[in-house]
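Copied from TrEMBL, the annotated features are:
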TRANSMEM  20-38  transmembrane segment
TRANSMEM  45-64  transmembrane segment
TRANSMEM  84-109  transmembrane segment
TRANSMEM  121-140  transmembrane segment
TRANSMEM  160-184  transmembrane segment
TRANSMEM  204-222  transmembrane segment
TRANSMEM  237-256  transmembrane segment
Amino acid sequence: MGTDYKTASWSEYRYYPNKGAAVLFIVLFALATGFHVYKMFRTRTWFFIAFVIGGCFEWIGYIGRVINSTQSPNWTLGPYIIQSLLLLLAPALFAASMYMMLGRIILLVDGDSHSIIKRRFLTKIFVSGDVTCFLLQGAGGGIQSTGKTNPSNVKLGEDVILGGLLVQVIVFALFIVTGIIFHLRLSKMPTAASQSMPWRSHMYVLYATNTLIMIRSVFRVIEYAMGNNGYLLRNEVFLYVFDAVLMLAVMLVYIWKYPSEIAELLHKKRRGGEEAGQVMMEDLGEPHRLETPRKER
């Protein structure tokens, strides 16, 4: 095949994928995901299910890169599509759990009046935006993968993915603004419930992880705007620095500050006979009885 992959109008890779780097991140993401699975079931923090699925997308995606690394430069399409789509989509799943987390913080502090988007709509709006991004990026990846047989689909696929990424950046930026405004308003006019809950520490964790995901999303926008033969897609190191490392950092931040405390506080509020007894599971679109988290030993 020679150097055709460097000069073709479209190619799965513009470099030989590094097997060692991919294996390293398979191990790291699998370990981080395993911890989150353990914590989620132990504390019954069910709103982090999407986050766990995102972690699975990450390590499975890098398996696709390992498979392709053994085929260079005669890459097969299946593993390429797996790694391309799953690594693109994983952050949207991380974000979905963050949307639900903010909604539960608002519930715990009785802070609905401080949010520019009412709690009962907050998760629905942002998760709907996430689903739109998810579908656009998935469709774009599928279209782009046919580039070898139909070169005209290359640009179309890139444009669809870019559109999905732009929607993701806009939705996530709105979410960040919503969180900041809520934080500022609650700081100025604390509610009675906010006095007994360490809500600020969870908001700071949201800001940290939001920043990481936003940096990664902006990188992906620039990457796809430059095209399949652009500088960023010609150099594998950028994928690891601005995607793999940042998304692993998101998972590690939540290992350090796992939101099981939020689930526990919601349970206590339910036992007190307040609103949390019938927590609206916005992601399911219907009321759902909150399970009792198991206490940490």
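Glycine is no exception: its Cβ is also placed from the backbone N, Cα and C atoms.
TrEMBL does not curate its annotations; it predicts them automatically.
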Quick one: find which recorded stretch in 20-38, 45-64, 84-109, 121-140 has the most Cβ pairs under 8 Å with the transmembrane segment (237-256).
20-38
Hey, which of 84-109, 160-184, 204-222 has the most Cβ-Cβ pairs under 8 Å against the transmembrane segment (121-140)?
160-184
Would you kindly check 45-64, 84-109, 204-222 and say which stretch has the most C-beta pairs under 8 angstroms to the transmembrane segment (160-184)?
204-222
Same-chain residue ranges lying at least 6 outside the transmembrane segment (84-109) that approach it to Cβ under 8 Å:
47-51, 53-55, 57-58, 60-62, 64, 115, 119, 122-123, 126-127, 130, 133-134, 137-138, 141-142, 144-145, 161, 168, 172, 175, 178-179, 182, 186, 191, 193-194, 197, 199, 202-203, 206, 209-210, 213, 216-217, 220, 239, 243, 247, 250-251, 259, 262, 265-266, 269, 275-276, 279, 282-283
